Amino acid sequence: MPLVCLTDFREHAREHLSKSTWDFIEGGADDCCTRDENMAAFKKIRLRPRYLKDVSKVDMRTTIQGAEISAPICIAPTGFHRLAWPDGEMSTARAAQAASICYITSTYASCSLEDIVAAAPRGLRWFQLYVHPNRQINKQMIQKVESLGFKALVITVDVPKVGNRRNDITNQVDLMKKLLLKDLGSPEMGNVMPYFQMSPIDPSICWEDLSWFQSMTRLPIILKGILTKEDAELAVKHNVHGIIVSNHGGRQLDEVPASIDALTEVVAAVKGKVEVYLDGGIRTGNDVLKALALGAKCVFVGRPILWGLAYKGEHGVKEVLDILKNEFHTSMTLTGCRSVAEINQDLIQFSRL
């Protein structure tokens, strides 16, 4: 039986992955309130379609940081893709390249960056950085991703400490042993990934540190994990190039707002000075449309990509992306939007919010 929506991929992954792997992918912090609210919040939003418009041609293309993508649906950084499929991030990168979208590679990738790039040399790729306490290690990693052709540096800011994920504690998940990570050398050998993956994330990083990162790279810097207008204003003040509104998929601090509920606050605060993106809770084309109508330039998808990997590797990820893109095309057509530029707040029934 074919899988026709992202929920189908979720159920397939739940049935076929080991319990510890499923718990790791699906888990949220504490009571998982925020994880679940990320999806539920979208369903509270109603659309205001416009009709009798010529929608015989609908163009989903847009740009992020100046690069064109086929649709405003890209791949969020998630770690350890080999948990879901043997080729891991290489399969993910190939699917993203085939779909002409951006893939943000995680610090916690289970394939070497060289192998990921070689698998999809023409793909648009950004790199997500967890800040290491050792500045020299950060510097080497930034230089490495620049040399490999990554086009942006995404700094995750919402993990000064790893959230309390009860399933991982219960399962005593030891990802390093389970994955048997290979291709990991020393910094002298040009691969610093294991030093990130086996060390704590720097809890001391603050706004003033951003200037150091900016001095280390010419890449645009995107901050991932912003949820408030205060932090959005500070991000603009410190000259970042973009913000990903995110609560880490509900895996960090529980009982914070759903990403879509925080989006309008952040969009209003930046006043168009930087691009704003969203991750968290995207499961349908309508979800994508709602996020764009509320001001997101693009959305990033996390868990569904791993579900696609678990189904059929590269081809499973491509199927997930194709379903989302086809649904989004339908949503645009049925609301009278002929281009992404025509998607705006007029589509949202604010009296319900």
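Glycine residues also receive a Cβ, built from the backbone N, Cα and C atoms like all the rest.
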Same-site FMN binder from Lys19, Lys224, given that Swiss-Prot records Pro77, Thr78, Gly79, Ser106, Gln128, Thr156, Asp279, Gly280, Gly281, Ile282, Arg283, Gly302, Arg303: Lys224
Where Gly302 (FMN binding site) sits in the secondary structure, as DSSP reduces it to three classes: coil
Conformational class of Pro77 (FMN binding site) under the three-state DSSP mapping: coil
Spatial neighbours, same chain, of Gly280 (FMN binding site) - Cβ under 8 Å, 6+ residues apart: Asn38, Val245, Ser246, Asn247, His248, Gly249, Gly250, Ala258, Ser259, Ile260, Gly302
Mapped DSSP class for Arg165 (2-oxocarboxylate binding site), helix or strand or coil: coil
Among the 2-oxocarboxylate-binding set Tyr130, Arg165, Arg251, as the record gives it, the longest Cα-Cα distance in Å: 18
